[in-house]
């Protein structure tokens with residue numbers, strides 16, 4: 001009987017630990033915690049605004065997600081993020097949103113959200129989407145159409161491309177963090193500040209230094225799309 005009770009207790013502790021471990025953002029300990037962006041306090045996240053000063057406007061954002069964005073750039077895409085940085089009411093709620101506009105043949109380059117899973121819905125057009133796993137780097141990709149949904153697991157390198165040569169495309173993503181973060185792979189490698197040593201990149205990519213220099217020149221203006 002004692003051993004059964006001990007096993008049950010151990011199982012409950014493992015379950016509790018597992019539930020805590022899989023939480024991407026800390027769980028809220030109150031009804032809401034609107035971020036106080038003016039507070040000098042620095043914590044893992046943002047401190048709460050005095051709840052007595054919270055209004056309905058703290059839970060509203062005129063994001064204009066129905067409006068097309070400018071995609072006139074090198075990659076032909078534009079990501080509009082709605083997260084705790086520009087929507088403090090999302091603090092501790094573990095969710096954020098993004099609208100992605102694609103020019104004809106536009107690409108949302110390979111990137112990572114280190115703190116979130118992404119659920120993408122195609123609103124207009126046809127996209128080629130995919131993600132790559134950790135080593136040995138298996139690719140999962142699919143052509144998705146208007147109304148289709150595709151999920152990118154947390155911290156996996158992923159991308160999207162508009163397959164239409166003439167028409168723009170639009171998608172909307174829900175992310176499982178108030179502040180997912182983004183690391184655009186090419187920009188991080190070839191446009192970091194300070195730059196990564198050429199010796200490292202020449203050896204890593206097995207190319208000549210002039211190729212590395214050319215690649216770095218493409219990201220010298222902090223084009224972190």
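Glycine residues also receive a Cβ, built from the backbone N, Cα and C atoms like all the rest.
Note that this is a predicted model, so its numbers are computed, not measured.
According to Swiss-Prot, the protein has these features:
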BINDING   111, 113, 118, 158  Mn(2+) binding site
DISULFID  33-48  disulfide bond
DOMAIN    60-213  domain 'Cupin type-1'
CARBOHYD  53  N-linked glycosylation site
CARBOHYD  78  N-linked glycosylation site
SIGNAL    1-23  signal peptide
Three-state secondary structure, residue 78 (N-linked glycosylation site) (per DSSP): strand
Residues satisfying Cβ distance under 8 Å from residue 118 (Mn(2+) binding site), sequence separation of at least 6: 151, 152, 158, 173, 174, 175, 176, 180
Inter-residue Cα distance where the pair is residue 78 (N-linked glycosylation site) and residue 113 (Mn(2+) binding site), in Å: 16
Listed in sequence order, residues not in 111, 113, 118, 158 with Cβ within 8 Å of the centre of the Mn(2+) site Cβ atoms: 112, 116, 131, 152, 156, 157, 180, 182
Neighbour-count leader, CB within 10 A, binding-site residues: 111, 113, 158: 113
Lowest local Cβ density among 53, 78, which the record lists as glycosylation sites, within 10 Å: 53
